[in-house]
């Protein structure tokens, strides 16, 4: 396996950070951090997330800025972690049947049916409404990443109440 240069890893980490900074404020909340870690294949419990946040949060503001994340994670990041992001893109592409960079309702319905999970019209509408955050009628890779992150956060029991 070819080695990845640290500058490439930082760029990839910045892209990942931006994808999970759901409110685009330049920092990650506990929920956003949990979703990011889950996407990297790291599966900490809720109490571990709190502890990790406290350790990473060097300026004590209760959230993680990109530079804090780099200091904490770069020594441990490896190609295997970055491959998980590639796998997410592969899943997205499998739904994006025409390869135009977005998933339509028809593509979502077709893919779900092909996987043995046909959707009712209502289920399809609810899924599209939840995932399509900008309301353009299709799901972009960013929206897909966010919905996958939200699913991971829900799974971890870290949803905001």
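Any Cβ shown, glycine's included, is placed from N, Cα and C.
These figures come from a predicted structure and were not determined experimentally.
Per Swiss-Prot, Ca(2+) 4 is bound by 132, 134, 136; the candidate from 123, 143 named for the same site is 143. In this structure the C-alpha atoms belonging to residue 134 (Ca(2+) 4 binding site) and residue 102 (Ca(2+) 3 binding site) are separated by 13 Å.
Within 10 Å (C-alpha to C-alpha) of residue 27 (Ca(2+) 1 binding site) lie the following binding-site residues from 63, 100, 132: 63. A gap of 37 Å separates the Cα atoms of residue 63 (Ca(2+) 2 binding site) and residue 107 (Ca(2+) 3 binding site). As a whole-number mean, the pLDDT of the domain 'EF-hand 2' (44-79) in this prediction is 80.
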